[in-house]
Structure formats: structure tokens, C-alpha cells
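Novice: Dropping the structure in here first, questions after.
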Amino acid sequence: MFQLDTDNPTLRLIVRYMVLTLIALIFVTPILFMMMSSLKPDQQLLADTSSIKAFLPIGDISFDNYKAAFERAPIGMFMLNSLLVTGVTVVLGLLVCSMAGFSFVFLNWRGKSIAFSIILATLIVPFETIAIPMLLMVSKLPWLGLDGFSWGWLNSYRVQIIPFIADGLTIFLFAQYFKDLPKELIEASRIEGCSWWQVYWRVVMPLSGPIIATAAILKFLAMYNQYLWPIMVTQQEQYRPVLVGLQYFFQLNTAWGEVMAYLTIITVPVLAFYLALQRAFIASIASTGVKG
Amino acid sequence: MKITKKLALTMLSASVLGSAFVSTSAFAKTDLSLWYHGAGNKVEAKVINQIVNDFNNSQDDWNVVLESFPQGSYNDSVVAAALANNLPDILDVDGPVMPNWAWAGYLRPLLIDEAKIADFLPGVKGYWDGKLYSIGLWDSAVAMMTRRSTLNEVGARIPTIDSPWTEEEFNDVLKKLKATGKYDYPLDLGMAESGEWFPYAFSPFLQSFGGDLIDRSTYKTAEGTLNGPEAIAFGEWWQSLFVNGYAPGNSQDPADHETGLLEGKYAMQWYGNWAALKNLNKFGDDALFLPAPDFGHGPKIGAASWQFGVSSASKHPQGASDFIEFALQDKYLAAFSDSIGVIPPTQSAAALTKNYRQGGALAVFYALSKAQALVRPVTPGYIVEAKVFEKALADIADGADVADTLDSAADEINADIEKNRGYSR
């Protein structure tokens with residue numbers, strides 16, 4: 001029977017890299033399939049799915065699917081909408097949720113424990129169960145904008161942003177992280193005369209890079225992948241995000257090459273965002289045990 | 001100089017008056033919002049935009065404003081808009097869903113002259129509760145797609161609309177095709193599809209056996225129709241298709257469904273007119289589009305596609321109905337057919353099309369719609385019945401007990417009807 005010679009460092013390294021390569025392949029192959037398929041005509045794409053060819057740039061390769069995808073749907077507008085909604089929500093969300101977390105950890109106020117429990121309880125409520133009550137609310141809310149006073153938030157960016165700025169998971173993540181910060185640091189800052197705002201902004205937040213990155217990635221993904229809410233609240237094309245745009249490609253005879261081209265295009269911002277923050281994200285997981 | 005100044009003033013006054021006149025006539029028009037499910041389909045958009053522009057230019061009262069939605073999320077958008085009291089004036093609705101939207105109060109009856117639709121195919125007329133709620137600009141049909149050479153090879157008779165295959169003949173053809181060993185499966189039913197395809201494509205088999213999703217005489221129960229002897233016979237036949245290896249089951253690869261017939265993996269395919277042209281392009285004169293087999297109670301295929309209706313929220317139902325009536329002109333029906341391959345709903349429109357005119361490559365589909373089409377149950381409860389039926393068929397295909405599965409399905413449908421108090425108004 002084969003026995004692994006655990007004393008041989010070279011063999012250990014080889015085995016380790018083989019396992020890691022296998023795991024990496026599991027995650028990379030769907031993306032590779034998507035990208036390679038986006039370069040092939042439909043007939044070849046479908047014929048290749050049952051073989052290794054599906055992952056290789058061989059055959060009749062071109063960017064025709066990308067050209068057709070841009071002709072079929074206003075991709076630039078959908079991307080811009082998604083990035084705007086996601087970007088604003090992430091920035092405001094990090095600010096609001098970190099403040100809430102700070103308040104729960106460092107400030108003393110009546111009902112704090114109950115409020116925190118209620119916020120934690122929202123984590124187990126699926127969005128689908130509150131979507132309709134939320135729809136009824138936002139359709140009747142007032143708004144004062146540049147064009148004056150109006151009722152109802154439907155068909156706007158604000159209806160896609162404001163309800164999602166604060167969320168239980170992000171508050172929880174910040175609160176957990178803040179709990180592990182040295183109390184002495186906070187006390188010393190207070191003794192030195194810092195206001196609570198200064199403690200938050202000048203002491204706590206600069207020490208919170210990893211959790212900011214983690215929360216930003218998680219919130220970015222949640223917002224960028226929004227589908228149900230936008231189809232409920234945006235009847236006008238000008239406000240639709242990328243995932244609603246994906247539906248433009250599913251017709252009676254679906255053009256799969258175009259679907260893959262569109263998916264490749266809309267995956268780029270997610271990958272770029274993750275790659276930009278991955279060091280801090282990994283540091284956060286390593287230091288707090290938080291899993292995404 | 002004076003003359004120039006005077007001329008300038010006169011021109012200015014004329015242009016101001018002119019603009020005032022133009023704006024007055026523009027203001028006189030009332031906007032009508034129109035929601036349409038065709039976002040992402042450029043050729044379809046061209047036709048609907050043409051209709052909207054022609055209508056807006058044809059009169060001075062109404063100005064239709066189009067908003068297109070992707071089909072996959074269209075129904076959810078409409079339901080959400082109805083909840084938020086934000087429905088448009090005109091909307092399109094999938095035929096079998098119409099009764100539910102009418103019952104829920106999203107739609108109001110059309111104010112159009114019904115004499116104008118007298119010669120339309122029955123499947124495109126959206127009647128519910130004795131009133132016309134919607135009307136379609138096209139229909140769709142399903143056929144048994146294959147090749148003449150394939151059938152000749154096993155000595156099978158080529159069925160016609162007047163003389164379709166019987167159950168025995170059809171089963172015999174499947175058996176012989178299987179025996180050739182040339183195909184992965186003799187028949188592609190399209191199990192890789194999901195959702196509405198199941199009730200649209202497969203409930204006609206059940207109806208041809210003598211069963212149905214619901215008792216259409218009352219629309220109050222599925223007992224006896226979905227689980228009676230005829231339905232059980234259907235269920236056993238359905239299961240035999242998978243047990244005998246005649247058709248791929250629920251795990252069918254969608255890629256095979258797209259190309260299996262063209263590549264020779266399947267000998268026959270039960271599919272819709274929208275996929276017919278690629279068969280013609282590949283097989284030419286060898287391509288065949290055959291009628292549904294007759295399982296004892298006449299051959300049946302599904303009917304009713306997307307249709308236009310007027311929302312109950314519209315403050316201008318007459319204007320909205322006028323637009324729909326305007327869209328029913330043969331030239332538009334033919335334009336839709338030529339652009340997206342759908343079946344025109346009138347003979348006169350069919351005559352204007354490339355493929356559905358007499359002798360056209362797809363004329364058989366018009367004939368099939370006329371001869372075999374049966375609309376899905378016209379009841380608000382259909383949307384639940386459709387889902388229950390889909391699950392039951394998938395379970396039976398996977399080997400579930402036929403009688404038990406259909407009993408459970410009938411119970412589930414009855415429970416839904418009871419929960420909604422019989423879907424009475």
C-alpha cells in the first residue's frame with residue numbers, strides 16, 4: 001500500500017500544491033468556461049460543453065458575442081447604475097454600520113442589549129418575506145428633490161440605495177471587531193480629551209482596515225447581485241441594474257454566447273473590487289475568524 | 001434696416017405663434033403608458049416601436065409611451081406595480097395568466113369592437129368570465145419535429161392533421177426508432193426546459209387522453225380530471241417514455257435540447273414553431289412538422305401566447321383600447337410574424353407573411369393552431385395548477401408512483417381553490 005513519506009519535504013510540497021491546484025481548479029473552471037464560451041458561436045459553444053474544449057480558446061474564436069451583447073442591451077447604463085447604487089450604498093453603509101457597531105460596543109445607553117438583539121434577529125429574516133411590505137412603504141414615502149416635493153420613491157436610485165444602507169450583518173461584523181480592540185486605547189483617548197466622535201474617527205476606524213474591507217466586499221456582493229428588489233421598484237429601463245439586464249438575453253431562442261459575454265463583462269467589477277481588497281479581507285478572516 | 005427689423009419681428013411672432021400652436025396640439029395629447037415584455041429583442045422592439053409611432057401619428061388624442069421589460073422578470077414587475085398602485089394604461093400579459101390578473105383586478109375588459117376579431121384564431125382571444133380582457137397579435141404552436149428520412153427508415157407512416165398517429169402507432173414508432181440504436185433517444189420532449197413549458201407542451205397529452213388539469217365545467221375541482229382513470233393512463237404512458245429510454249428525463253443537458261435533433265442525437269423533437277426555421281435550414285425538404293398524436297380524445301396542442309390588455313388603473317380605457325385595436329391590423333400581425341417567427345392570428349395576415357402564407361415553409365403551424373389548439377384552463381387558479389402539474393410530471397418522470405402523485409397534485413390544486421374561496425369575484 002502506498003504510504004506518503006511525511007519526512008520528505010519535497011513530496012509534501014508537491015502533494016500540497018496538487019491539492020491546492022485541484023481546489024483552485026474547482027473555483028476557476030466555471031469562470032474559465034464562461035470566458036471561453038463568450039468567444040464562441042452558439043453552435044460550437046453547445047457542442048463543446050461535453051468536452052474539455054469548453055475550457056479552451058479553440059475553434060471559431062471571436063468577439064462577435066460581445067458586439068452583439070452591446071447591441072442587445074444598454075450594458076454601459078446597467079453597469080453604471082449598478083456601480084452607482086452599489087458604491088453609494090457601500091460607502092454610506094460602512095459609515096452608518098460602523099457607527100452603530102461603535103455605539104453598541106463603546107457607548108452606554110438604555111436598551112442597548114435589546115436593540116442589538118433585535119438587529120441580530122434581522123439576520124434570520126429572509127429579504128423575500130419583507131419585500132412586499134417594503135415595496136408598499138417606499139411607494140408612499142415623500143421625497144424632496146431638485147424637482148420639488150413628490151410622493152413615492154419608485155423608479156429612482158434612492159429606492160435602491162436607502163433601504164440597504166444599514167444591515168444587521170455589517171453592524172454585527174463591526175461590533176464583533178470593535179470588541180477585540182484594546183479597551184485601554186479607548187480609555188486613554190478619552191482621558192486625553194478625545195470626544196466620542198474623535199475616538200471613532202481618529203482611533204477606532206484607522207485600526208479597522210481588515211473589517212472595513214470584509215464588510216465592503218460582502219456588502220458590494222450583496223448589492224451588486226440585487227435582482228428581486230430592482231425588478232419590483234424600477235419599471236423604467238434607465239434605473240435597472242446589471243442582473244435585471246441579464247434577463248434581456250433570455251429569449252425564446254437564447255443566445256448563449258451573448259449570455260456568457262454579458263456575464264464576463266459584469267463579473268469584471270466584482271473581481272477587480274475583490275482583488276483590490278483581498279489582502280485586508282484575508283487579514284480580517286485570519287484575525288477574527290469571520291467567514292464570508 | 002427698418003424693413004429688416006420688421007421682417008425679423010414678423011418672423012419672431014410667427015415662430016412664437018407656430019410654437020404655441022405646436023405645443024398646444026402636443027399638450028392636447030394625453031399620455032398612455034404601455035408596458036411590453038420584449039426588452040432585449042431588437043427585431044421585436046422595431047415592430048412594437050413602429051406600431052406605437054404609427055398610432056401616435058394617426059390621431060391627436062393619445063400619445064402612447066412604451067416601456068419594455070425583459071420577459072423573465074416581467075410578471076414579477078407587473079405584480080409589484082399592482083401592489084404599489086403603479087400599473088400602466090396598457091400592458092401585455094401571457095394568455096394563461098390573464099384570468100388571474102383579471103380576477104385580481106389588474107385588468108379591465110377591453111372596449112374594442114369584437115366583430116373585428118371574429119376571424120382571429122381562438123387561442124389569441126382572452127375571454128374570461130364572459131368578457132374579452134386581452135387579445136394577442138400572434139399565437140404559437142407545438143409540433144412533432146423530425147425528418148422524412150428518419151421515419152421512412154423505420155417504415156413509419158407520415159401522419160397528417162386529418163389522420164394523426166394513434167397512441168399505438170406513436171409508441172410503435174418510438175420503439176422502432178429506439179431499436180435502430182442510432183439515436184441517444186428517439187424523442188426529445190424538452191425536459192431541460194422548465195416553468196410554463198410543462199403545462200403548455202405536455203398538458204395537451206393529458207387532455208388527449210381525456211384528463212385535464214381541472215374540471216372545466218366548474219373550475220372548482222381537479223378531482224377526477226387530474227387523477228381519474230384517463231389521467232392515470234396518461235401518467236403511466238408518460239412514465240413509460242423514460243422507463244423505456246424513449247426520452248431523456250429531468251436531467252437532460254440543455255445543450256442537447258438545443259442541438260440534439262440537428263446533430264442526430266434525437267430522432268424526433270416535441271417543440272415549438274419558434275425553433276422550426278433552424279430545422280428547415282439544416283434539413284431542407286427533409287424536415288417534417290407533424291401534428292400531435294391522438295391518444296383517444298382527439299389530438300391537442302397548447303394555445304395562447306402574449307396578449308394586450310388594459311389595466312384597471314387606467315384613467316383612459318378608451319384610448320388604451322383604441323391603441324390595441326389599432327395594433328390588430330394585418331400589416332402589424334404579419335410584421336411580428338416575419339420578425340420573430342410567431343404565428344399570425346388571421347388568415348389574411350398569414351397571407352402577408354414569408355413563412356405562414358399558403359404554401360409557406362411554416363404554414364403547417366397555422367393549420368395546427370386552427371385544428372388542434374386548446375387553451376390552457378381559463379381560470380385564475382391556473383398559475384398554481386401549472387406549477388403543481390410541472391412538479392407532478394417531473395416526479396413521475398423520475399419514477400414516482402403515478403396514482404399517488406396525481407392524487408397529491410389534485411389535492412394541492414383543490415386546496416388552493418378552497419383557500420381562494422373558489423376564485424369567485
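Heads up, residue numbers simply count up from 1 along the chain you see.
Heads up, the Cβ atoms here are built off N, Cα and C, so glycines get one too.
The domain 'ABC transmembrane type-1' annotation in TrEMBL covers A:79-277. For A:14-33, A:83-107, A:114-137, A:157-178, A:199-222, A:259-277, the entry in TrEMBL reads transmembrane segment.
Could you give the neighbours, burial and distances for every feature on this list?
Specialist: Using a Cβ-Cβ cut-off under 8 Å and counting only residues 6 or more beyond its ends in the same chain, the transmembrane segment (A:83-107) has close neighbours at 115-116, 119, 157, 160-161, 164-167, 170-175, 177-179, 186, 196, 199-200, 204-205, 208, 212, 215-216, 219-220, 223-224, 226, 241, 269.
Residues 100, 104, 163, 167-169, 171-172, 175, 228-229, 232-233 of the same chain, all 6+ positions outside the transmembrane segment (A:114-137), place their C-beta atoms under 8 angstroms from a C-beta of that stretch.
Within the same chain, residues 81, 84-85, 88-89, 92-94, 96-98, 100-102, 104-106, 116, 119-123, 134, 138, 143, 204, 208, 210-211, 214-215, 218-219, 222-223, 226, 229-230, 233-234, 239, 241, 284, 288, 290 sit at least 6 positions outside the transmembrane segment (A:157-178) and bring their C-beta atoms closer than 8 Å to a C-beta of that stretch.
Beyond the transmembrane segment (A:199-222), the same-chain residues lying 6 or more positions past its ends with a Cβ under 8 Å from any Cβ of the stretch are 86, 89-90, 93-94, 97-99, 102, 106, 164, 167, 169-170, 173-174, 177-178, 181, 185-186, 189-190, 270, 273-274, 277, 279-281, 283-285, 287-288, 290, 292.
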Novice: Please indicate, using numbers and ranges, the residues of the same chain that are 6 or more beyond the transmembrane segment (A:259-277) and have a C-beta under 8 Å from a C-beta there.
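Specialist: Answer is 31, 34-35, 37-38, 45, 65-66, 68-69, 73, 75, 78-79, 82-83, 213, 216-217, 220-221, 224, 242-243, 245-246, 249-250.
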